[in-house]
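Presented below is the structure to which this report refers.
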């Protein structure tokens, strides 16, 4: 600001040093040295330029000079007009001209100068230029040090930013300054913007340096994430990084995208580890036995999806046989999981537990199969064997007995046609297919031949009663399935289905009866129509039946009596009272291995008995059975104990085959008379 120095005349005639701040039409805005007076506007005629600094000081007696002095202690020094009266060495005696009274003073040569010959300034004494400043540069332009080089280049006396007009003011006493300002103004503003950006970067670098110094002494961890997993680590729009930065105690998180390196700084080790758990994504694999892959995946991927959801992994992939990226063990299939380290640990726990569970289930199933095989080999037991072809055809969570029942698997034993599904095991006391061991191969052949010759109506009548039999076996009791002692009344559900294959086979199960909850062996007391609830399995030509051998003789008996099936079918009497004649041995009891062994021994003893007494015993038993159907109905091979006080109605009883090895013909029983 020394270049803008002027001298302002005071009220006492002395000139005081000041600085021009702005130029107006007829005045100047002047700031006084040391601010001894406030800033004010001074007319041009009271302001003059100071003399040139290189002027020679040649002072003699009688010259008019200016003395640098002050009138009192409250005012600063100024240039007062005086006249030299006498000289003596370095000292001068001067007389002030501005004072009314004569005032002399002795001063040194340094306080004297020749009189200032400059006249008062005018409007043309100063040149003023303005430059508009962009908004982003207004703040930096307010610092006058920014314009230091620009001021020197244009030769200006002063350059400053005017906040009210948002302009850069350039003041100069030279006319050439105006042209230079026009040329350099744009360049000056660009340089300010560049310097501002560099200064900002330097400030950020300084702050980063200070922060790094602080973080160096704090907790930090560094880890690398694979390039293909970097997107998962960063998250959508950097969500994972933001979540990690919100962890209390985290001061900074740095990411080097080129190398995939994360650096986490925090105030505590716990905070750093927690933030790392959000960002560290890895890929790991778990070996799964090949035979358990399907069960680990589950139906429609339900099991593996549950494992993925609970563990929190991002995705799972099963390594193919043609892929050799991962090490593979014999009989194992790698499951590749992608996620955070915590989620990978969770999926390992879940998968290892599930595989252990599947192995235990497989072990139990194999033990079950071994037990069933032993039962079949020991005593022709009625335990069912699984007819499912391969392990892949069943779900691993399916119960063995239920699956066997659905598929209608056959029992291990080989005699008789009264076998049901696996749910109809020998859980009904002594009603097993081993209860009557007297049937021989010759009887089976005769039954098969008689069955093929029997009339269709009589087959239906016989089959209908068979459908009502309770599952259990081939015993003589009325509740036996399709054994020798089974009833022959009613129509067969199997025959009706064979007649009309397009009909609904489940319509046979529609009828119910009041005594449905009675004992299993009391099922013979139900009506013929309700006997369809439990139909037998479909017979083949190779299967033989006791009823087959009775078909011809029964048809003949009906024709001899002249009875028609549709006319003489009296209402059947409710025979549920028969259950009171049943022994306790026929109650349902769980079958054990000892039962199978005892039945096998009993069968072997009974096979040694003569065939003829057994045949006679059968005839005597049949005579005691009460049958309330017409002549076309067959007597059920039911309980031997019947009520003696009830009158016998005309009926057709069941004829029994004599199991003779010489192939003797069967005798028919008609109306209770052989």
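Backbone N, Cα and C define each Cβ position, glycine as well.
What Swiss-Prot annotates here:
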- 4-50: domain 'Agenet-like 1' (DOMAIN)
- 63-115: domain 'Agenet-like 2' (DOMAIN)
- 222-251: domain 'KH 1' (DOMAIN)
- 285-314: domain 'KH 2' (DOMAIN)
- 353-379: region 'CC2 domain' (REGION)
- 471-486: region 'RNA-binding RGG-box' (REGION)
- 512-522: compositional bias 'Acidic residues' (COMPBIAS)
- 528-538: compositional bias 'Basic residues' (COMPBIAS)
- 571-582: compositional bias 'Basic residues' (COMPBIAS)
- 609-632: compositional bias 'Basic and acidic residues' (COMPBIAS)
- 646-657: compositional bias 'Basic and acidic residues' (COMPBIAS)
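Helix first, then strand, then coil: DSSP counts for the domain 'Agenet-like 2' (63-115) stand at 3 helix, 31 strand, 19 coil. The residues of the domain 'Agenet-like 1' (4-50), classed with DSSP into helix (H, G, I), strand (E, B) and coil, number 7 helix, 26 strand, 14 coil. Within the chain, the domain 'KH 1' (222-251) has long-range Cβ neighbours (under 8 A, six or more residues past its boundaries) at 211, 214-215, 257, 259-268, 270-272, 274-276, 278-283, 314, 338.
On the 0 to 100 pLDDT scale, the model's mean across the domain 'Agenet-like 1' (4-50) is 85. For the domain 'KH 1' (222-251), the DSSP counts in helix, strand and coil order read 18 helix, 5 strand, 7 coil. According to DSSP, the domain 'KH 2' (285-314) comprises 21 helix, 5 strand, 4 coil.
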